[in-house]
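Some notes on the structure that comes next.
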Amino acid sequence: MGERVRESSVLLTGASGRVGRAILGRLGDAYDWRLLDRDRPTHEFDHEFVVADITDEEAVAEAMVGIDAVVHLAGDPRPEAPWDSVLANNIDGTRTVLEAAVEAGVERFVFASSNHAVGGYETEDRVPKLYRPPDEFRLDGTELPRPGNLYGVSKAAGETLCRYYHDESGMGVVCVRIGNLTESHPPKDYERGQAMWLSYRDCAHLFERCLDADYGFEIVYGISDNDRKYYSIDRAREVLGYDPQDNSADHIDD
Ligand SMILES: NC(=O)C1=CN([C@@H]2O[C@H](COP(=O)(O)OP(=O)(O)OC[C@H]3O[C@@H](n4cnc5c(N)ncnc54)[C@H](O)[C@@H]3O)[C@@H](O)[C@H]2O)C=CC1
Ligand SMILES: O=C1O[C@H](COP(=O)(O)O)[C@@H](O)[C@H](O)[C@H]1O
């Protein structure tokens, strides 16, 4: 299978949120988007908008009709989210979206995973030097998940669901362990956030590559090309053609 054609119909779940905004802000005209969120949009979108909860199997199946690719962002993004919420929104919701995607013959599925799926690697003996440039420790996506909270557990479960549905159906799936997305500049006075910063520009480019590249099953890290980093972006470069333009070190005096 070669690179995607641009006329793809793409379902974007969780479209009203921050990551959705970063993607649509730059790629709004690049695909035929169908947006989905449980919250009604607070502003006008130039795209079809489905108000639905991703745990509603019928509504999700209906939203999947005619869709070529899915970017699945909907979920509870709070690192401190309680179990009942991540169980429903992040685990059950992700299973529902994956199931409907396979049923509808979707070709590409992009899952918003998180740095928190591997937060447990930030052990006391590794931090804070892990967040600083000379340190050579790197996670590259081949390591086992090691969540540091129940939210991270739910993201690791989402990745496992992605693996299962890929193996069952052959649908191309990429799990993006997103770092810390902030607009304009990296978080201030927060070394961890600077090491895993993802700019809006690089975020949109990465998701564009996830929609256009050819792959089977992948786990990649979604961060900018920061001097300070403990996540490798080599796999994203190799398989997806990710070519980030931003670096948190360039904003140190902002
Ligand atoms: N913003 C970041 O830095 C990071 C985000 N992520 C992941 O990316 C995804 C998007 O995150 P953000 O945009 O930051 O969060 P957000 O809270 O701004 O957006 C999430 C959207 O999903 C919707 N949603 C939640 N549960 C839903 C459900 N059951 N059915 C339908 N819609 C539902 C919400 O209404 C919201 O509009 C999340 O899965 C999050 O875990 C992962 C790592 C870092
Ligand atoms: O998965 C996520 O990670 C980012 C970064 O984590 P943090 O603990 O350094 O804030 C977080 O901001 C975002 O809300 C979450 O979904």
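Quick reminder: no glycine exception, Cβ is built from N, Cα and C everywhere.
Caution: TrEMBL annotation is automatic and unverified by curators.
Pulled from TrEMBL, these are the features on record:
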DOMAIN    10-182  domain 'NAD-dependent epimerase/dehydratase'
BINDING   N89, S114, Y151, K155  NAD(+) binding site
ACT_SITE  Y151  active site, proton acceptor
Which three-state DSSP class does S114 (NAD(+) binding site) fall into?
strand
Relative to the mean position of the Cβ atoms of N89, S114, Y151, K155, the recorded NAD(+) site, which additional same-chain residues have Cβ within 8 Å?
G75, D76, P77, A81, V86, N90, S113, H116, A117, G152, S154, G158
Using a 10 Å cut-off, grab the number of neighbouring Cβ atoms around the Cβ of N89 (NAD(+) binding site), all chains included.
21
Based on a Cβ-to-ligand 2 distance below 6 Å, what subset of the binding-site residues N89, S114, Y151, K155 would you report?
S114
Listed in sequence order, residues with CB under 8 A of S114 (NAD(+) binding site) and six or more positions away:
P77, Y151, G152, K155, R177, I178
Identify which of the binding-site residues Y151, K155 has its Cβ surrounded by the largest number of other Cβ atoms within 10 Å, counting every protein chain shown.
K155
